[in-house]
């Protein structure tokens, strides 16, 4: 909710006061419904992913999340009739397989957690395709900052009830943390501002490449995150893990080359 509030506020300041891009009005009811759907699906994917972590090991959650490019390719085909060259689809195999291998075989399995994780993964893919339509469709095209401006307040309205129901004592906790830790409010502000930058970049990548490229880069991000976490926290790694993430990075390189050669 903090992230979406920051996105709404910073988008408004950037468009209305700083005039970085012109304000684009919503042109039709169907366009508004698509933006509202995008907001709800976004919230569902984040909340569903968080719920699944209560029941599934992180490694298994990672393995399921690695299938996002597959769902994205599926939704893109059925929603926009966009087909890629077979070589491009083949490049997705090492991208997905690498993260699955790196995650390792975890014995912990919970059906509800698995369903929530799979639903969140599919929702994330659906969101990518839908935002691609809103950013690129001739009749409903919005620039990235305007889409974020309209999407964020709807997401906040969806998340406020979720916060009050799922985190009933959240205000007490955050005020207590603010008193205990001098830099808590500053860190929360920086964190929320970075979320705005991440969401804006997310939309820009989708606009200038494709929804599928965005999700493949997401898997590459997982590999980068592992490297950074090793350097920062000195957490132990296995040969299987290193091999899996190396496969993912090579898959991303192969995917980029396939997209370049087979446009």
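Every residue gets a Cβ built from N, Cα and C, even glycine.
Note that TrEMBL annotation is computational and uncurated.
Pulled from TrEMBL, these are the features on record:
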type	residues	note
TRANSMEM	6-23	transmembrane segment
DOMAIN	12-255	domain 'Sugar phosphate transporter'
TRANSMEM	59-79	transmembrane segment
TRANSMEM	86-103	transmembrane segment
TRANSMEM	109-126	transmembrane segment
TRANSMEM	147-165	transmembrane segment
TRANSMEM	185-205	transmembrane segment
TRANSMEM	212-233	transmembrane segment
TRANSMEM	239-258	transmembrane segment
Selected stretch (most C-beta pairs under 8 A with the transmembrane segment (109-126)) from 6-23, 59-79, 86-103, 147-165, 185-205 = 59-79
With the cut-off at Cβ under 8 Å and a gap of six or more residues from its ends, the chain residues touching the transmembrane segment (185-205) are 2-3, 5-7, 10-11, 131, 135, 144-145, 147-148, 178, 213-214, 217
